[in-house]
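Residues annotated as domain 'Potassium channel inwardly rectifying transmembrane' in TrEMBL: 32-171. What TrEMBL records for 178-349 is domain 'Inward rectifier potassium channel C-terminal'. Taken from TrEMBL, the feature transmembrane segment applies to 66-88, 143-166.
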Amino acid sequence: PSMEGLPGRRCKRLEEDGPVAQAGRRQRQRYVTKVGKCQVNLGNIQEKKRFLSDIFTTIVDLKYRWFLFVFMMCYIVTWVVFGTIYFLDAWARGDTEHRGDPEWRACIQNVDGFVSALLFSVESQRTIGYGARMVTADCAEGVILLMAQSIVGSMIDALMVGCMFVKISRPKKRAQTLIFSKNCVISRRDEQLCLMFRVGDLRDSHMVDAKIRAKLIKSRQTAEGEFIPLEQSELNLGYDTGEDRLFLVEPQIICHVIDRRSPFWDLSAESLRQEQFEIIIILEGIVEATGMTCQARTSYTEDEILWGYRFEPCMSLEKGAFRVDYSRFEMTFEVQTPAASAKELQERQELELPTLGLCWDQLVLP
């Protein structure tokens, strides 16, 4: 196959595109960032009460500054509310007017103002109990209020401590140690044109039942004239053969074979420069330490696909074990790859086979 039109190194390709094309590609909005954040903002949501029906998830999804604010306000509000109720009860019974009277039988001892009532509320809910203030048996409402505050305090502890634990141990942090190569490469493997990228795990504790899949995000227009923005189509990463299930102990090179079912069947090195699409990579697995499901994402645009390159090996053998050199994780080297599309290469092979057969028949006949 001809090697004409094969793109050179990355810097050379950008120079050929020109500054106008480079500026346009830099300004193009990504669907998913390289670190896996989805660039989609939801607006004009009318039924916001649906978020309150799942208050636990709503609190966990809050940013840390708002989460800590809600965490503190839940306790402060309950302390102030019950402290106010204790003070109103003491004021209604006349306990505040008999300060220091040893013969007066107060509902709550040593509660003679709002500050002392607030302090009693904090001591009761946090089970501190310094001993200076306590509910007596002379009023039933004090006992009922103390029981109600104990129940409410236990519910707040269960909710907020549970939210804090889940937020700290969320598997989203585990996804930061799952890395993807910055670029995809296209080259031949086993006489087939393949799109490849590399994925690795930086931790010694491995992902259990790791699975990987890919989505192609591309706008298109149907035969009826309907415009579909950001249409999602699946890229086969070995679903039918089980190659999409990874044993992620060392860095793996994930391969998508460009065949007749692939959306890149007509893609060549020349047409790659004119395309606009985005490939979303999703890696899912179970965290071995916590048992939670973790998902790591990244994306590749057409500018981040290197035609005619291959990843360098990053594993070596040393003293009875394999060593992974992550400094070579991103390294690639150029290989001889035809600039034609997989469809054109297939058509060339089909045209060459009958010609070879006729030549063989002519040689055999004499």
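Just so it is clear, glycine is given a Cβ too, placed from its N, Cα and C backbone atoms.
Please treat TrEMBL annotations as automatic predictions, because they have not gone through curation.
Over the domain 'Inward rectifier potassium channel C-terminal' (178-349), the average per-residue pLDDT in this prediction is 90.
Panel annotation: around the transmembrane segment (143-166), residues 56, 59-60, 67, 71, 74-75, 78, 82, 85-86, 89, 121, 124-126, 135, 137 of the same chain, lying at least six beyond its termini, place a Cβ under 8 Å from a Cβ of the stretch.
Remark: secondary structure over the domain 'Potassium channel inwardly rectifying transmembrane' (32-171) totals 85 helix, 4 strand, 51 coil, with classes taken from DSSP.
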